[in-house]
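Report on the following structure.
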């Protein structure tokens, strides 16, 4: 009856072509097709014609997907962004859940729950969601009727009643989506999501390090080489155990504090670390080359590290060269020795003063540790055997990650490729004239730490932000190889920041801040913005900020003159081995011209 009523009404109005192109017209046509399939499905007994019923159900779900997609477009067009329900919780979903047909599955699930059905093995959750499912279906049915009526009244406008109904449905559907997906699949908690982000940071830092050491190339990342799916997790385990021992792969912490994907390999990771710390730098280099090439250690042992890079370029700490330490400290310790000499016998002669009790105890503990590492190495016939064992263990853990945690690993690698496929701004130097620096003023010498600064930078990028620098670390970030850049002394004070508790909405788009949509301060005006409204990074030499920092879109367009062309002869500093560089517009001032270099295409 309703279908005939709307058909006659549509024939009476005789809409023109411009009306047929409107969103409400497309929604009306899709809704009519959905009603036709639903009517046909109700016209016969599905138990007597199961094949026809199955085909119609599949057709019904496809039309539901289409209707909800058009309804989502209507909500996007009619409802302001700050009035919509946030969807930030989707970052906690598995990556294979968020697809185009998710809305249709949610609608189908809501109708099944409303009819009294239960999710398999989820009876308690189904009973808890049933009232919300009924409310969603009632609101959706009422909204479909209201939109059909609105199409005949004004196909290009929305009444206040329609806008209120759209906002209510948007919030109800978002709440049902979170409840339904949480009942169907495992959803990360806030703590698990934080640990997941730590793993992304570790993998990202490993990728940067592998590029710097030429283990992988930029072309491999740009082409998404499948070999990287095996190379990066393997190298990340070595980096997480040796270079970042306090990171997510800290083996001496509570297992519940580790990421779930590595939690089941805690004992094996501890064993791997015990063997890794016994290697010298050349052996570690050989091991990492094996992990990259998937070749046997015997074929790579012929390639010495000196053929590719120097000892200073390889960033494994010197404290891990236990073989050399043992050769110097325990010359008489051999295989099968039941005990070792006292510290006074090994480290001092008769003429040297006797150490105090605390020093003697420290020396004894140190030599006991080195003796334990030496005894561990004696279990292997040669360095090749030790590297072979480590290669098998590390590759085995990485293969298990691909098999048991394919979804998590896929999302991590996708984030890594996204991070390193976009240019990342790097520190720049702003030279200052010598006559501008007053007498008696010296540039502070702040040692740079590329690994730590890059790790913090990737941490901010993986969380959805852009890395920024505090004023105290500007000289360290701008320095390269222990050298510091001269900073201009003539400047003005940066603006005061709006307190974090001063607002809960973006100053530009009024979007509410959530767990994922974080607050970011513009360094030029001090106001608080979301990441989309403050995604620009430029140096601010007028505030003695010589590296790119975050600024809002308004300041970028009207205050900082971002469209000035960069001088051909300007220089830029490169951070830690980023392969390719592109130029981007920067701010210009009366005293100096800054150049911004951002990383080319080499993951929260």
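The backbone N, Cα and C atoms fix where each Cβ goes, and this holds for glycine too.
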Annotated range (TrEMBL: region 'Disordered') out of 314-335, 336-357, 358-379, 380-401: 336-357
Annotated stretch (region 'Disordered', per TrEMBL) among the listed ranges 529-566, 567-604: 567-604
Correct range for region 'Disordered' (source TrEMBL, candidates 276-297, 408-429, 430-451): 430-451
Averaged pLDDT score, the domain 'FYVE-type' (500-556): 85
